[in-house]
Amino acid sequence: GEECDCGSPANPCCDAATCKLRPGAQCADGLCCDQCRFIKKGTVCRPARGDWNDDTCTGQSADCPRNGLYG
């Protein structure tokens, strides 16, 4: 299966020919991915909204999980 979106050859993290991450890359895109690496745990990826707390990166994924916590 695909590890990354190979539709854009400009993505430096993804090999457009194989749709696989390039050697050394942890991720190719996502709110918690920066320069092919997972953003460190606790970094705000989605600011608080209303009564909801900030959503933060896990350090293990490129996705920004919804923490579901009220402030």
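For all residues, glycine too, the Cβ spot is worked out from N, Cα and C.
The recorded disulfide partner of CYS13, taken from Swiss-Prot and restricted to CYS33, CYS36, CYS45, is CYS36. Candidates considered were CYS19, CYS33. The record in Swiss-Prot pairs CYS27 in a disulfide bond with CYS33. Within 10 Å of CYS33 (disulfide bond), counting C-alpha to C-alpha distances, fall the following of the disulfide-bonded residues CYS19, CYS57, CYS64: CYS57, CYS64. Mapped onto DSSP classes, the domain 'Disintegrin' (1-71) shows 0 helix, 16 strand, 55 coil. Among the disulfide-bonded residues CYS6, CYS27, CYS36, CYS45, CYS57, CYS64, the ones whose Cα is located within 10 Å of the Cα of CYS19 (disulfide bond) are CYS6. The most densely surrounded of the disulfide-bonded residues CYS6, CYS13, CYS32, CYS45, judged by C-beta neighbours within 10 angstroms, is CYS32.
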